[in-house]
Amino acid sequence: MENMQLNGDAKHRKAGRTLSSAVSVTVADLSPLHRARLEYFPRLPPILKGAFGWREGEPTDFADDAEEIKRYFPNLYGQPSVFIVPNRGGPVTTGKTLRVGVVLSGGPAPGGHNVISGLFDYLYNRNRDSVLFGFLNGPSGIIKNNYVQLDEERIYPYRNQGGFHIIGSDRTKIETPEQFQKVDETVRSLDLDGLVVIGGDDSNTNAAILAEHFVAQKMKTRVIGVPKTIDGDLRNAFVETSFGFDTAVKVYSELVSNLGYDAISAKKSWHFCRLMGRSASHITLEVALQTHPNMALIGEEVMEKKQTLTQVTKSIADLIVERAEMGKSFGVVLLPEGLVEFMPDVDKLILELNEILAGGHLEEDQIIPKLTEQSRYLFRSLPPLIAKQLTLDRDPHGNVQVSKIESERLLIQMVSDELKERKKAGLAGCSFSPIPHFFGYEGRCSLPSNFDCNYCYTLGHTAGALIEGGRTGLVATVRHLTKPPEQWEVGGYPLTVMMDIERRKGKNVPVIKKALVDLKGEAFRIFSEQRDSWRLAEDYRCPGPIQHFGPMADSINFTLMSEARDSVA
Ligand code: FBP
């Protein structure tokens, strides 16, 4: 592979030359860092480089809602996990000729290109006749039979680079009989032995449904999922972390620490910063631990304490007044993107809206009469922009699009009103000059950290190995991630064991459970011990940009370091 990389790089050096007809990047476009990262060779567990064997775990028939999940997955439910193990004296295989498709699904996450390059290298190194197809623009590319063949020339410029643009992505959910028929046609016409779905919880749920469907149709195509999402909520006893989280939190931490230094330099602004993470607050928690803001709201805690919108507003106003009394009319507040869904009153409203909107878009005057009295009152009391944002169309998986709900502006508005009320009532007034921020899209396509480069390259190899081993309905897994990559253990866990039944688009359906912040976990414990000391002091911490070289090059995020747990066998 090293030779190939050098060959690829030699092409870049020919000034102005386009890399291939399909790749529009020319040497003049590549930054010095881009070039340097092309030459980074990801670290890989040695077991994936040679002949290996398999070890099966126990059958996995212990999902929550077991009976119902079994009904959806009669062929896959209960199958064992598998581990790639040393080939103790078994026959040395050269690798089968395989035809494999790969698809990127959902929001981008740093490292996706390395999953693809890892998959390609695995297939190519095992058997030069194997072929990798990349479906274009997400699962809709499978439905439309829209693909490109991925070869070294096409892949090379994307090695260790951010983004999903080598083939693109979307959020199409494959669900109707017509869509399944189209997928069957595509898979049959390409004669696919395997399909690798790189996605989050919803996309991996879809991967399991496809795997079950292919088995039921007696088709040979195996389906393997790869755990992706910056949100960090595709995590459980089997998956230690999703790829992309490590890089994204490093990008956001740098930005937030810059805000802290701005606050303490100019001493005039309150920065309200919403961070991505649709359903869980892992990103906010990690960024708080890295940067020490004056306040960080953790949605899961808000939910546990049953704090309403008004209560959260008052707690922020208290902080602002306390600091103002010390002559400090500035600070940093972090909030998770999904905060509103954790407040019981707003969550109730959203659930009612989900049911009302399950049949499609409705105007506000059609919605309001269908709400319960309590939710109607809340809905009417919200700033009109936020009320409108809550009624926007759901995503194809039935989720509220929280990235479009500007909860930082909602809180700024509510806190402003609260401070004015306090002033009117003769309580301490104070100057409040807020600035809203939303950091989400800024982190999803960043140059991946060394950790994500190595992890993703390993996941790509593992997915290839699982397909070659004839496995289906599994998610590729890498265990012991806090150790050096040379000590990682690789294999696959059944997707069905990670599922429970949830209500989506007005129906009960199986979905992979999202992992919320564990309020008894190590990361939250450290946060809750330290946060009081950040309120009134300016203990802003600057972790700096992602390090690819030097002493921090192989550092991994705090959440994974403090909460890594050994997976079940
Ligand atoms: P995935 O779960 O697909 O990885 O996406 C996560 C995410 O980045 C969330 O943090 C955010 O709410 C959402 O995508 C935004 O989606 P979109 O790209 O459709 O605006």
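Using the three backbone atoms N, Cα and C, a Cβ is placed for every residue, glycine included.
The candidate list Glu175, Glu337, Glu502 contains one residue that TrEMBL assigns to the substrate site with Thr229, Ile230, Asp231, Met276, Gly277, Arg278, Tyr441, Glu442, Gly443, Arg444, namely Glu337. Highest Cβ count within 10 Å among the recorded positions Asp201, Asp202, Asp231: Asp231.
The most crowded of the recorded positions listed here (Gly107, Lys228) is Lys228, judged by how many other CB atoms sit within 10 Å of its own CB. For ligand 1, the neighbouring recorded positions among Gly107, Asp201, Asp231 are Gly107, Asp231, by Cβ distance under 6 Å. Between the C-alpha atoms of Asp201 (Mg(2+) binding site) and Lys228 (site 'Important for catalytic activity'), the distance comes to 8 Å.
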